[in-house]
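Asker: Sharing a structure here in structure tokens format.
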Amino acid sequence: MSMNSFGHLFRVTTWGESHGPALGATVDGCPPNVAVSEEMLQHWLDKRRPGQNKNTTQRNEPDAVRILSGVFEGKSTGTPIQLMIENTDQRSRDYGEIAQTFRPGHADITYFQKYGNRDYRGGGRSSARETAARVAAGGVAREALKSLAPGIEIKGYMTRMGEMEIDRARFDWSAIDQNDFWIPDAAAVQDWEDYLQALRKQHDSVGAVVEVVARGVPAGIGAPIYGKLDTDLAAAMMSINAVKAVEIGEGMNAALLKGSENADEIFMGNDGAPVYSSNHAGGILGGISTGQDVVIRFAVKPTSSILTPRQSIRKDGTAAEVITKGRHDPCVGIRAVPVAEAMMAFVILDHILLHRGQIGENQGVIGAPD
């Protein structure tokens, strides 16, 4: 299997399977002398860790990360950083019945069609368990951003879960870390929990919309045409398990607007920097950052592993009824939030490194004489 790496100069390769002995990431291209510790990476992993509340999978993994290389005396050396997370709470017996059967909505059938072999235990490589490695590597990216571009803040949150949607009039950044759903609407939390638990009792699952914002991204990051910042951001988010659609800025809603409504007007601020009247562009124009918030959102499909009987086929082509056992998230969007933050950090850091390598400092100074 190839295509397990992401990035240009800051490059992350993940490895491992859901029920294997361990999984992890190799981070190549991290600048030297960046503060990196297991404790710091653990902080981000704990946001994603399973088994912490009744709204996520009950698989109870500590997700304890070990740094095997690339860090000396608390600082990156500039060489590859190897991260490892042991799997300790596998329950592979739950998957014995699907060894010969393809689960509807899963990658079981496509992996078999492509490779002729698959690890059916928990989905193997296609499991969302793989994203733990991304979150650990994302911690490295965040620390590098602190050194190279202090002031950048990355925050993800859910805006929708099935029929439930946040009220943006009540949007509160401080509420995001205070509830199990990572939503910026504290008044909606109980309704969301009641809705999800009702679905769980029905042996069903639900999809979600996750939004990620990067504040403080300097103008000029990205490149035209094939090197667009939004191209890599879209690819990063689409690579997350179960993601089926990505929007940047106004996204699909831009098709409903007139040009006079969608174009963000520009003024000169009192500090001599451009000020925009709105941010329909999501902080990116022509593939290059404007200096506004970079805003991206994506849709996550409902978890396919449910106890409701579904029709499928076996490897020999005969019909089968599938009831997926095991411990699964009723809404995978909840734990996708820290994964999305990690992917945003990867891309922003990667493009800052690319920008410095090609341009150095921004060349166009607005307000300067010709």
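Each residue, glycine too, has its Cβ placed from N, Cα and C.
OK, Swiss-Prot features for this one:
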type: BINDING; residues: ARG48; note: NADP(+) binding site
type: BINDING; residues: ARG125, SER126, SER127, ASN241, ALA242, GLY286, LYS301, PRO302, THR303, SER304, SER305, ARG327; note: FMN binding site
Asker: Please give me the CB contact count at 10 A for SER127 (FMN binding site), counting all chains in the structure.
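Answerer: SER127 (FMN binding site) is surrounded by 20 other Cβ atoms within 10 Å.
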Asker: Between ARG48, LYS301, which of the binding-site residues has the fewest other CB atoms within 10 angstroms in the structure shown?
Answerer: LYS301
Asker: How long is the line from the C-alpha of ALA242 (FMN binding site) to the C-alpha of ARG48 (NADP(+) binding site), rounded to the nearest angstrom?
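Answerer: On Cα coordinates alone, these residues lie 16 Å apart.
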Asker: Given SER305 (FMN binding site) and ARG48 (NADP(+) binding site), what distance in Å do their CA atoms have, once rounded to a whole number?
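Answerer: Each residue's Cα considered, SER305 (FMN binding site) and ARG48 (NADP(+) binding site) end up 19 Å apart.
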Asker: Taking the Cα atoms as reference points, how far is LYS301 (FMN binding site) from the residue listed as 'NADP(+) binding site' in Å?
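Answerer: LYS301 (FMN binding site) and the residue listed as 'NADP(+) binding site' have their Cα atoms 18 Å apart.
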Asker: In sequence order, which same-chain residues at least six apart have a C-beta under 8 angstroms from THR303 (FMN binding site)?
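Answerer: Counting only residues 6 or more apart in sequence, the Cβ neighbours of THR303 (FMN binding site) under 8 Å are SER205, VAL206, ALA242, HIS328, ASP329, PRO330, CYS331, VAL332.
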Asker: Can you grab the distance from SER127 (FMN binding site) over to ARG48 (NADP(+) binding site)? Cα atoms, rounded to a whole Å.
Answerer: 14
Asker: Cα-Cα, whole number of Å: ARG48 (NADP(+) binding site) versus ARG125 (FMN binding site)?
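Answerer: Distance (Cα to Cα, whole Å): 18 Å.
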Asker: Mind checking which of ARG125, SER305 has the fewest other CB atoms within 10 A of its CB? They're the binding-site residues.
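Answerer: Minimum Cβ neighbour count within 10 Å, taken over the binding-site residues ARG125, SER305, occurs at ARG125.
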